[in-house]
Amino acid sequence: MLDVNFFDQLQIGLATADDIRTWSHGEVKKPETINYRTLKPERDGLFCEKIFGPTRDWECYCGKYKRVRFKGIICERCGVEVTRSKVRRERMGHIELAAPVTHIWYFKGVPSRLGYLLDLAPKDLEKVIYFAAYMITAVDEDARHRDLSSLEGKVGLERERLEKRRDQSIDDRAKKLEEDLAALEAEGAKADQRRKVKDGAEREMKQLRDRAQREIDRLDEVWNTFKSLKVQDLMGDEMLYREMKNWFGKYFEGHMGATAIQKRLESFDIEAEVELLRDTIANGKGQRKVRALKRLKVVDAFRKTGNKPQGMVLDAVPVIPPDLRPMVQLDGGRFATSDLNDLYRRVINRNNRLKRLLDLGAPEIIVNNEKRMLQEAVDSLFDNGRRGRPVTGPGNRPLKSLSDMLKGKQGRFRQNLLGKRVDYSGRSVIVSGPQLKLHQCGLPKQMALELFKPFVMKRLVDLSHAQNIKSAKRMVERARPVVWDVLEEVITEHPVLLNRAPTLHRLGIQAFEPQLIEGKAIQIHPLVCSAFNADFDGDQMAVHLPLSAEAQAEARILMLSTNNILKPSDGRPVTMPTQDMIIGLFFLTTDRDGQPGDGRAFASPAEAIMAFDRGEISLQSKVRIRFTDIVPPLELGADWEQGQAVSLETTLGRALFNETLPADYPYVNYEVGKKALGAIVNDLAERYTKVEVAASLDALKDTGFHWATRSGVTVSIDDVTTPGDKADILSGYEAQAAKVQKQFERGLVTDEERRQELIEIWTQASNEVGKAMEANFDRANPIYMMVDSGASGNMNQIRQVAAMRGLVANPKGEIIPRPIKSNFREGLTVLEYFIATHGARKGLADTALRTADSGYLTRRLVDVSQDVIIREDDCGTERGLPKRIGERREDGTVVKAENAETAAYARTSAVDVAHPETGEVLVRAGEDLGDVKIGELISAGVEEVKVRSVLTCDAKTGTCAKCYGRSLATGKLVDIGEAVGIIAAQSIGEPGTQLTMRTFHTGGVASADDITQGLPRVVELFEARSPKGRSPISEAAGRVTIEESDKARKVLITPDDGSEVQEYPVSKRSRLLVGDGDHIEVGQMLTVGTPDPQDVLRILGVRRAQEHLVDEVQAVYRSQGVSIHDKHIEIIVRQMLRRITVIESGDTNLLPSDLVDRVRFEEENRRVVSEGGKPASGRPVLMGITKASLATESWLSAASFQETTRVLTDAAIHGRSDSLRGLKENVIIGKLIPAGTGLERYRNIRVEPTEEARAAAYSVTGYDSYDYEFGNGTGQAVALDDFDFGSYQN
């Protein structure tokens, strides 16, 4: 077999019949598969051992040679080579066809490649191939020209002969008529009898005349056709063709079926055709030029690659190895077989029948029919259903052809090459493991034993518990007591990977250190649930075992949960305490009035704890405590020195809470709810090492659970209190509503106005009742505590239970103007319930659809961005994008802009940023902008910073580390090899499910405001489609005039530069943003709506189009409260704008209207200019992500994405080479991917443990240092150096 690491390119091309024969190990002559009695393959059949190899290892068919010692011998009796049976997965055969057939991909695809090459319409091509018309394949021009006059004479003579014969026979008939009439007269017949005879005779003479005329016309037609006959003419009239063949057979050749195409391709002069087409393109116009351009692409491809066009017509069909189309026996003695075997059998049967007919010399019509059937059989083998009705198997199911084997989710690419099932894995239900450390997971003993079986067996032999591996295996299978001790030893320090499907982002797979547990469920640390999006209502997770030392090192250093605290989409922590933990910590840090021991003072926290234990104070009593070893809160810390004692007005609960935080963290002296906790964790992640953060998180988790239990928070129906004055509030609003209704009935307001007013009235009513309810709650009310702390639920939900349900929407998304006045505590009336469920069900249906749509969007995003990898440190560009970090208030102070978090944070500054007043440089070019730096810049009054961006990066392939900036997942500058494209796609796709589907309507009538929102809007932007409710934008600066007529409305712009007036038709219903006589600038929107990104690109240029797309996508995500960093969206937008359409090709090798990569375009131009030639001109193209993925340089990647057959057809004709730069291509052929540790520069290096690596194991005591060479995985656990973990021990 080939070693994948020893080739750099994979090329695809057209296989000729000779290629097919050289691949083959023999010809399949019979349609038989296996003998039904012996169950052994039939000789020369589809499973023949002589062709494909033995079915049993080292054993020939007849049994003469058995055993490995005969390796390589070919048995003289049965002709089978003695070898391994797995060669039946790789040896091919072939079928020699009795007549050539065309390859359906090349003639039936759109556009038809054969049609383009030969300049034939696909309809005509089909007529020829399926024996409905003859095609002239050769004309002897010289002989025809030479003999034309003599032939004309011959034809003239024949015409005269026909005319003479006609005249003769008419004369004869006329004479006979005279004789008949004379005889009748003599007999004295009546006049009408004579008339009858005369009429009959005249009829006969007319027939004679007509028949003769037809023969003469046919002769003229034959002659005229022959005179103008040229190669590739089609003749659908068989009689005409036969006559012509009879008369002038030696001057031309004509054929039917694939033979005609084959002959035509053999004589086809590619060079001459290319010249001709180039000439047409240079001088032609309109349709001719367009068609010539399209044809040139195909013809030129054959010229450049040296592919033989004859490859599109096959004389032999390859037969794929039998183990790839197996036949297996079922329980009942019946057989299940792959569809391909049926399709191959049809081809072989028809082929053999055709051979027999040809040997018998059957009539042409029968042979042609058989040839047509053979063509159809081969078509359905290659691509069933592409032409005509598909061949069906039992139960009318279309058979799966070779093309179907590659296509779609179940095809070869996506099912077996991009996603394989792996060994050393298991799955089970998950349960919570609150006693675990952040980097641990609980693994059921049985599962662990099965996963670590080989390790345990080896260790048993090493420790002399077993003599050999076999007895060790027996011990493991019988689960002897010693086995469990050995297992315990083997799994120490050996991380496992846990994965929860769907894996929407990279945090869906993380590494943990396994702890053996009883039972059958995997235990998960509560804090990592949000990363996996897991809950414990029956979710399952898969466990995978990294085997080699390298894999373990990667799992421990890169994937351990303690090293994945930050979310890659916005760089904020993802391991946040939730639910119970928040309630516990909130209960702990809250203070209440009227508690026992209020106002007491204590000399130390220990003393306060003693008082608490004796019941003298509660956790929430307001007391004063003296601390000696803390950092005071920031507001007190101005004149504080290290080690100085501080006395604080606080509570015992807060003192306990602060013990969970690092010793040098400023004392937290306020109530900690979800928001405050988020800020604290965020701060920890920014300022402390991974070890300290993990330790603090674990402490927060333990404290949270502990006090949540002690707090006794419960939910009872009595905690839900409806405000007493609800009825009074509602009666006031009822009166208002009745008034509006009355006005409507009198005709004072329209239906639409009434709706809007009612909606306003009832919204106000809901708000007021809600406020009354909130005021009614006691702070110690458990339900109020849950909402207030942010642990679970929100006020809106409580409002529905305790106040009133309010207004609801119907399935169309319109608000129903009748409110639901009851709440769930009181219960709804039947009508109210009906109204409420109506819209709610739509919501559920929406969610199901949204999941699928969102997954498909992620797939397209990954595909378009997969080859964006950090390839170098710095591309050296000085360009960048300005990003807002501050907003100036009216009083002149600058505050942080709301989007600074996702715009400038974690980027690299492109220029030096100076203080606006003092001129001192605050940030140097190339410096990282973190929270602290941004804070400094804002306090200095800087509003905007120019930052490096992937949109302005000059790297040849991928992008550079400086332009990307900080990796949001680690908080440091991104590493070379990081697959930032995939991370971007995941960050955008993962929250996709949260985006709503619907278009929101305000009123019943659809208006221009119904702009698409949510997921469909994101898809619309990334696919670069023209948006719904598109608004035109002005192409020039000038004055506006508005013209109104009955049916239409036009906006006219008179440009300032005096060029011609531009007009924009706009619909009467759209709302204008400009008025008559206004002066507008280039790119200004004319109506309410969204501009088309293509217009923005055309009018305002690339940079503005990029900004427009990024801002619009962000607008959708922000509206749903999802935070994604701009840089992720920028990566996708960059991929959408990577290509350029060539307008004038100049002296380059590019063709006009070609789509080329920006880098290639610039390189080609540089080359031409350096040689003194004329460069090409082009314009940037905005491609949707699907199109951009299919337009990738890599054919493997494109084929595994969508439209597999089309991509492969095209790639084969162009002889495409895949240089294996992206990720998918390398996964498909089984190489290491060129990203992360798979980069060239990271291979063959030694591993030295760093702080980062040790950080993972803050629970592990010291270890001996252990070096190993990279590349020869020992399978031993990766040990770490001695490391002092302070007091944080297991």
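Note that Cβ sites are derived from N, Cα and C of the backbone, with glycine treated the same way.
The structure displayed is predicted, hence computed values, not measured ones.
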*Per Swiss-Prot, member of Cys529, Cys875 binding Zn(2+) 2 alongside Cys953, Cys960, Cys963*: Cys875
*Can you see whether DSSP assigns Cys963 (Zn(2+) 2 binding site) to helix, strand or coil?*
helix
*Work through the binding-site residues one by one (Cys60, Cys62, Cys75) and point out the residue whose CB has the fewest other CB atoms within 10 angstroms.*
Cys62
*Among the binding-site residues Cys78, Cys875, Cys953, Cys960, Cys963, whose Cβ has the fewest other Cβ atoms within 10 Å?*
Cys78
*Which one, from the binding-site residues Asp535, Asp537, Asp539, has the smallest tally of other C-beta atoms lying within 10 Å of its C-beta?*
Asp537
*Between Asp537 (Mg(2+) binding site) and Cys875 (Zn(2+) 2 binding site), find the distance joining the two CA atoms and give it rounded to the nearest Å.*
50
*Sort Asp539 (Mg(2+) binding site) into helix, strand or coil using the DSSP assignment.*
coil
*Cα of Asp535 (Mg(2+) binding site) to Cα of Cys60 (Zn(2+) 1 binding site): how many Å, rounded?*
57
*Around the recorded Mg(2+) site, report the further residues of that chain (criterion: Cβ within 8 Å of the mean position of the Cβ atoms of Asp535, Asp537, Asp539; site residues excluded), sequence-ordered.*
Ile430, Ala534, Phe536, Gly538
*Could you round the CA separation between Asp539 (Mg(2+) binding site) and Cys960 (Zn(2+) 2 binding site) to a whole angstrom and send it over?*
40
*Excluding Cys875, Cys953, Cys960, Cys963, which residues of the same chain place their Cβ within 8 Å of the centroid of the Cβ atoms of the recorded Zn(2+) 2 site?*
Glu872, Asp874, Thr877, Arg948, Val950, Thr952, Asp954, Ala955, Thr959, Ala961, Lys962, Tyr964
